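Pulled from TrEMBL:
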SIGNAL    1-24  signal peptide
DOMAIN    25-319  domain 'Plant heme peroxidase family profile'
DISULFID  C35-C115  disulfide bond
SITE      R62  site 'Transition state stabilizer'
ACT_SITE  H66  active site, proton acceptor
BINDING   D67, V70, G72, D74, S76, E88  Ca(2+) 1 binding site
DISULFID  C68-C73  disulfide bond
DISULFID  C121-C315  disulfide bond
BINDING   P163  substrate binding site
BINDING   H193  heme b binding site
BINDING   T194, D239, D247  Ca(2+) 2 binding site
DISULFID  C200-C225  disulfide bond
Amino acid sequence: MAFISHYNRFCFFVLLMLLRIASAQLSSDYYATTCPRALSVVRSSVINAVVKEHRMGASLLRLHFHDCFVNGCDASVLLDDTSNFTGEKTALPNVRSLRGFEVIDTIKSQLESICPGVVSCADILAVAARDSVLLFGGPSWTVQLGRRDSTTASLSDANTELPSPSLDLKDLISSFSTKGFSAKEMVALSGSHTMGQARCQMFRDRIYNETNINSEFATFLKSNCTQSSGTDDNLSPLDITSPVFFDNAYFKNLVDSKGLLHSDQQLFSGGSTDSLVTTYSNSSGTFYADFANAMLKMGNLNPLTATSGQIRTNCRKTN
């Protein structure tokens, strides 16, 4: 009888562990019954935001990336500072750079009105990023859902875990490797720079001091980015060829030495990733497929699930 009792307890323990594992998995139909309109609400809001300002598509994509690379996809990047912690918004890679918080606020408010306490801010970020890429002509992918939101954020982690635009190829590969990405996935994700803009302060050193840059391209950029700090916030497109489309022109630009950031051009600088850049520059289909797969993987970086975290009713603060 003692053996049967121990056996039953063991079976119950195994079943409990299996249930916990199952509950921790993300799924594409997570809101199918609890908030069936969730995805359509996100998409319509993203469309409205992008129509008002085309740059917003790139900003929403970047929000998701900067969220996931700091302690996982948990919407910590959206939290305002409190008396208990200093959040990620003022970290060097984010301050005067991250945008789109108001768009996320609008989406969250709409979802709270129809499905209160159901859809997480982390999931909103993931879906908004996918929809932004799709709206600009890029690939789509089936977003996995069921993330929960963090109850804290870390300024120090944001300052150390996000890759800098000044990194060389070796350090770029290492930075992405610590998050589980291969060099191939790193190059594919870098292709997100086919959208968006960068501040003069981020590429000034490249256009004035680096030699692996197209001279006409550098001259053109210098007219909007002088050597004085007075032009720090002046913007230039990361993809000079087709800045309002998600395509493979970013990689074609790298082959022509027209990468805006130092880290961009490092992908095609006589190193191990040159062949990948060449492949993507010649085949948008290959780039799209690899980018979509890498985005799916990124969306799975350490999500909070089951009873971890919470579903914030306001993405800027904990409940």
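Using N, Cα and C of the backbone, Cβ positions are placed for all residues, glycine too.
Since this is a predicted model, take the numbers as computed values, not measurements.
Every protein chain shown contributes to the tally, and the Cβ of C315 (disulfide bond) ends up with 22 other Cβ atoms within 10 Å. On the backbone, the CA of C68 (disulfide bond) and the CA of D74 (Ca(2+) 1 binding site) stand 7 Å apart.
Around C200 (disulfide bond), taking its Cβ as the centre, 22 other Cβ atoms fall within 10 Å, counting all chains. Note: the Ca(2+) 1 site is recorded as D67, V70, G72, D74, S76, E88; in the same chain, H66, C68, F69, N71, C73, A75, V77, S150, A153, A158 also have Cβ atoms within 8 Å of that site's Cβ centroid. Taking only the Cα positions, the spacing between H193 (heme b binding site) and V70 (Ca(2+) 1 binding site) is 19 angstrom.
One way to see the shell of the Ca(2+) 2 site is to take the Cβ centroid of T194, D239, D247; the remaining same-chain residues with a Cβ within 8 Å of it are G191, H193, M195, T241, S242, P243, F245, F246, N248, A249, Y250. Counting only same-chain residues at least 6 apart in sequence, those with a Cβ under 8 Å from the Cβ of C121 (disulfide bond) are A75, L78, I104, K108, D149, R312, C315. For D67 (Ca(2+) 1 binding site), applying a Cβ distance below 8 Å and a minimum sequence separation of six or more within one chain yields C73, D74, A75, S76, V77, L78, A122, L125.
Over all protein chains present, the Cβ of C115 (disulfide bond) has 16 other Cβ atoms lying within 10 Å. Figure note: comparing Cβ neighbours within 10 Å for the recorded positions R62, H66, H193, the maximum is reached by H193.
Annotated pair R62 (site 'Transition state stabilizer') and the residue listed as 'substrate binding site', C-alpha to C-alpha distance, rounded: 13 Å. Confidence across the domain 'Plant heme peroxidase family profile' (25-319), taken as the mean pLDDT and rounded to a whole number, stands at 97. Taking the recorded positions C68, V70, C73, C225 in turn, the residue surrounded by the fewest other Cβ atoms inside 10 Å of its Cβ turns out to be C225.
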